[in-house]
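Taken verbatim from Swiss-Prot:
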type: SIGNAL; residues: 1-28; note: signal peptide
type: TOPO_DOM; residues: 29-1141; note: topological domain 'Extracellular'
type: REPEAT; residues: 30-91; note: repeat 'FG-GAP 1'
type: DISULFID; residues: 82-92; note: disulfide bond
type: REPEAT; residues: 101-160; note: repeat 'FG-GAP 2'
type: DOMAIN; residues: 175-364; note: domain 'VWFA'
type: REPEAT; residues: 365-417; note: repeat 'FG-GAP 3'
type: REPEAT; residues: 422-474; note: repeat 'FG-GAP 4'
type: REPEAT; residues: 475-537; note: repeat 'FG-GAP 5'
type: REPEAT; residues: 556-614; note: repeat 'FG-GAP 6'
type: REPEAT; residues: 618-678; note: repeat 'FG-GAP 7'
type: DISULFID; residues: 687-696; note: disulfide bond
type: DISULFID; residues: 702-755; note: disulfide bond
type: DISULFID; residues: 807-813; note: disulfide bond
type: DISULFID; residues: 877-885; note: disulfide bond
type: DISULFID; residues: 1029-1062; note: disulfide bond
type: DISULFID; residues: 1065-1072; note: disulfide bond
type: TRANSMEM; residues: 1142-1164; note: transmembrane segment
type: TOPO_DOM; residues: 1165-1179; note: topological domain 'Cytoplasmic'
type: MOTIF; residues: 1167-1171; note: motif 'GFFKR motif'
């Protein structure tokens, strides 16, 4: 089980990483991304997996770990030294450190040790390099303990350390050979011995082998401790010859081996497992002793393998049954795993492999007390850290991959017990596989040192353990836990002293596999602040969100991801670097090697106080495509000035290469601005421009420059600056003198400090309510080279020139505005197409000090449109979403009153039930809260909209005659037999700009007399597509049009009497629903039911057909003239003059006599009957 670092992804593409292309777009501060120094190596070797900056007497270097050097045959790994300096172009040199990295007295396996996976510099000189997959062999077993080497400043291995142990899988093996005469050929036995012994690791601390030969007698060919290597044993075995004999004393040979060969005098080791291999070709002559001899072997725990050679029996054609049973009885249980038989001596070699494997299987169980691995698979050196006098070595594979931290100090080595770091009780032998020691670090606090180790698989969410060393014992102080399963919280640890007081300020914990919202491995870094001996959570850092697009089907995707997994793995590397931006605080660099589809990127965070700023100061992407340039940001180191300019430089590695980025110095530029005069007094003109008096102002701007790294030296900076007048306004109220421009741009060389002067003048604008802001922007003339501007200081400064205020002797103007509002309508507004406007009258008064920039702001509902303004003086109104009217110039004095009207027009696209208007009066002067109650007015007026339409009605017949001699048909075959048809037409046509509502048209007509006889019979109706009329039951209710016949009896006709009018007739109504349309039509067909009128007594009467229109929308109304239409159809009977009743004749005669009498009386009164001529003649 080999833990993998999160970014150690399988590399399948061979490439050379030319990091000179790492010039991608970045948010830039003072790390120079365009002039970096690059180092390249095979991506298959994982060149760049680790990087360290290094200096010795020979010069300055970048050390680069390449843990897969030697692949594909082996993965030995190594470290390269790469010379640095702007003038250095020498290639990187492989140090061949694995050659001299060795542990004596063990059988080493270096082929896949991945040397260079861990690389840290020693503060006292030299460096430490580790190969966590270094292994040694115990018998047939390989133990991956890991190894670390101290390397001197001159790149020589000083010593190596690995937690190797004496092989606890030692075996003492005695081979008991039948050397009787029947064994033939003896060379086959020798070949068997050679093949078997070659498979064994023979030595004093490993497996020992002795050989006993028997026939009639027993001989010790050599003892267990005779030879100390496999080679020596092989030479001796090849010299053994067959001693012969006429008897096969198997019991004697086994018993002699038990009693003598397994004694300490002959080299047997106390506590080591005893193994006996018996090889014979025939039944024993002392088989009566075998049972007891085998029992004695059992009592002494001697494991026995027995081999029966059947050659003698096969050659003599003898039965082998009894022989096989005897040899089986010799073998240990289970017999099937300890007994072998071969057809003859030549076949012995065929069982060597199986026999060897079964013997080797005993190695794993040689230590019967070992229930699990301890340090055998520890992978010590998976991580490493120097902490004062201690060296911390992470051993993730220790104790069944629960892990531990090996502490090494001079000649003292502390390997904590397997339960030392268990923070919670666990079941016996429970395999936690927490990977403790995945990363290690330390924190310095006043008077003490805290040691920190990460175990990213603990409880699946990860954990960080903080502990102290007290007299060689581990004392756990605190644990920090991750929040997300599988995030690998604790796989990366970094401590940093931000303020350079020699004490740790922060602990940063990486969780590079932290999943984002879209299940992508975005990564997260947790920041903890040191509080005495405890760490307290402060904040989390996250990368730019990566969009994972497996295809371009998603509209948000512009580029398809070609590599998996997707994300950033932000926090794969977290490095504390010395003060990059020369602000007195150390900084942090974090790697995100999966960003940009595995191209990678790093983020730089600047220190501040005792913490770091949450927002990154610079992001450096690799600029690669994720194929030829992979995982930039896998490793980071930044502790040294490698080019002699006094600034810390940063080395960043990935798979296939590394790059050294130079830091650029930081220029501090401070600017001050002064104005003369310092206020704009529009009533005091001090200059003349183009013949007009105005106000002119002189602006003095002073630049002060210095370098952060060399504050005492003189610095000359080439600057470019731009001055913008009235920068808060879209239209400027001022221009530079001699121009009509609001902006000027100039270059300036500043040596320590320099002042310049620019003058400008005010325009004749009516807008003086706020200050004139003057903005000065500046930058270095060549921002790509040399120092950069300090990002802690602004590169833009602002100066404000206020307007002088008319407040007497007061420093502040305190106004008191009032607002009165009235409207033409208050209760209900009926809006018509020809009359869709209304007025709002405003009165603004100031009862306090002068109010500067007095204005009214009018907000109104969407059903209103600003149309215009009337009667306002001096100023005007602007309308965007609201209406702002400036009142007074430039201020509204005490007692001033301004009256004006705002005209609104109704918006036909928004028909609301109310017109809502909010009006307020305000100014730039102060106004007490208690006087603001009369500065606002709210208006809400109900609104109805009168729909403009034309409602027409007409009929095909207005007069129908019934002949006196007409008869009633006895059988009605069609509607033509009933009477004349009357077609009634209704047309509704839209007019005006208001929308047409849904309408309801009710068409009513006399349908039956009071006695139930038909009057007007509806045969059907038609309409335009937007109209739906009901009920259908009124349409031809008798089914005449469908061919149904009906008869009228004479008795029914005789019942009809006189019809004077139709006031008592029963009315039928057709209701039509009209959807909005420019034109709607409804046509109704009616038949005058003549049988009702033929025998009736009447001379003439009128039938009235009414059409009534109604709006279905409460906001849209109809005018009274457009609601009803009536059509009169006159019915008369020809040939029968109407008889006048007697009472009518008598009443008319009386009325005529009365009128005559009144006329005579009136004439008499006026003297009409007097003769004035007669009187004159009498006189």
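Each residue, glycine too, has its Cβ placed from N, Cα and C.
Since the structure is predicted, the reported quantities are computational estimates derived from the model, not experimental observations.
On the structure: features taken from Swiss-Prot.
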residue	record	Cβ within 10 Å
92	disulfide bond	20
696	disulfide bond	17
702	disulfide bond	15
755	disulfide bond	12
807	disulfide bond	17
877	disulfide bond	18
1029	disulfide bond	19
1062	disulfide bond	19
1065	disulfide bond	20
1072	disulfide bond	21
Contact ranking winner - 30-91, 101-160, 475-537, 618-678 against the repeat 'FG-GAP 3' (365-417), Cβ under 8 Å: 101-160
Pairwise CA distance, residue 1072 (disulfide bond) versus residue 92 (disulfide bond), rounded so that it is a whole Å: 95
Neighbour-count leader, CB within 10 A, disulfide-bonded residues: 687, 813, 885: 885
Among the ranges 422-474, 475-537, 618-678, the one whose Cβ pairs under 8 Å to the repeat 'FG-GAP 1' (30-91) are most numerous: 618-678
Between residue 1029 (disulfide bond) and residue 696 (disulfide bond), the C-alpha gap once rounded to whole angstrom: 79
Within the repeat 'FG-GAP 2' (101-160), residues counted as helix, strand or coil by DSSP: 0 helix, 29 strand, 31 coil
By Cα-Cα distance, the member of disulfide-bonded residues 696, 813, 885, 1062 nearest residue 755 (disulfide bond): 696
Intrachain C-beta neighbours of residue 82 (disulfide bond), sequence separation six or more, cut-off 8 angstroms: 39, 61, 62, 63, 64, 91, 92, 93, 658
Per-residue pLDDT averaged over the repeat 'FG-GAP 6' (556-614), given as an integer: 90
DSSP three-state assignment for residue 1065 (disulfide bond): coil
DSSP residue counts for the repeat 'FG-GAP 5' (475-537), split into helix, strand and coil: 0 helix, 35 strand, 28 coil
Candidate disulfide-bonded residues 702, 807, 813, 885, 1062, pick with smallest Cα gap to residue 696 (disulfide bond): 702
Cα distance (Å, whole number) from residue 687 (disulfide bond) to residue 1065 (disulfide bond): 96
Secondary structure at residue 687 (disulfide bond), reduced by DSSP to three states: strand
Residue 1062 (disulfide bond) versus disulfide-bonded residues 687, 702, 807, 885 - nearest by Cα: 885
